[in-house]
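Pulled from TrEMBL, these are the features on record:
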BINDING   His10, Ser95, Ser96, Glu97  NAD(+) binding site
DOMAIN    150-291  domain 'NadR/Ttd14 AAA'
Amino acid sequence: MVLGRFLPPHAGHVYLCEFARRWVDDLTIIISVQAGDPFSGTQRLAWMQELFPFDRVVYLASENPQQPSPHPPSWDVWKVWLEEVLPRRPDFVFSSEPYGAEFAKIFGARFVSVDQPRSIVPISATRIRADPFANWQHIPRCVRPAFVKRVSVLGPQSTGKSALARALAERLGTRWVPEWARVREALAADSPAELDWAEIVRGQIASEEALARDADRVLICDTDPLATAMRVELLLGSCPPGLREIARRPYDLTLLTAPDPDTGEFFAHCERALREAGRPFMVVSGSTEERIATALHAVEKLATSGQPCRP
């Protein structure tokens, strides 16, 4: 048995569970969940099931304390809670915390201490929550999307939007999400009115979520659902309610590429919509290199401080 909060799962947890599953034939990993945790029990369950697909992973959704007190009644309560989710009495309890010995004691199991001083994998969930970017190498690939800063690049056609997104990703050494609508439109013979715009948005989001796993702290997105909703409204005169709802998807920073001269209906529409949505954004203008330099400064500031560069 392994018991933890996994807030979030990190390399130390992976080492602990990998150690345990190589020691025993049948491992149960239990996630302790409390009200007010920064990540839901279902989210942590999904993460741990992806990391350990061949082991039994459950979460304990009781109003339990963060860790048991030394008083016997507390241990008795924990024993009842754990028996509800354990398939049988555990033979071994693996933990990097001192209280793991007490859990082993109440079940008559053997306690195996694993990297209690954090000398093999020097990381903790507290440190990751405090500064995820400084501890990026300790965050598993499936967990990284929860911490990635997402930068959207919007703008009218022929303003270098896609080139800017690609250039930023290359200079930052991270991933960028191409505009999925271009791929869909290139493959379809439909007119704009006949395109399934909800499907296009789903494709954009699916691509974004897939690439977020491999992003290095920041993910550069060439367009987002808000831009698609605005485009549909301009093309068709109205936007379906479902698409408008998806357009509320948040981004940490939006770079709005300005046309030269600063005119254009779509640009004005973008600027107005971003302000109404309360999204942090900045306008980038000038030559190609000036736009890249301005955008790079804003994104680097976001990546190092975690704060968006507001207009």
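The backbone N, Cα and C atoms fix where each Cβ goes, glycine too.
Location within the structure of each feature annotated in TrEMBL.
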residue	record	Cβ contacts under 8 Å, 6 or more apart
His10	NAD(+) binding site	Ile123, Ser124, Ala125, Ile128, Asn135, His138, Ile139, Pro140, Val143
Ser95	NAD(+) binding site	Val2, Leu3, Gly4, Leu16, Ala101, Phe103, Phe111, Val112, Ser113, Val114, Gln116
Ser96	NAD(+) binding site	Gly12, Leu16, Ser113, Val114, Asp115, Gln116, Arg118
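Taken residue by residue, the domain 'NadR/Ttd14 AAA' (150-291) breaks down under DSSP into 74 helix, 22 strand, 46 coil. Counting every protein chain shown, the Cβ of Glu97 (NAD(+) binding site) has 15 other Cβ atoms within 10 Å. The average pLDDT computed over the domain 'NadR/Ttd14 AAA' (150-291) stands at 87. Neighbouring residues of the recorded NAD(+) site, listed in sequence order and excluding His10, Ser95, Ser96, Glu97, comprise Gly4, Gly12, His13, Leu16, Gly100, Val114, Asp115, Gln116 (Cβ within 8 Å of the Cβ centroid).
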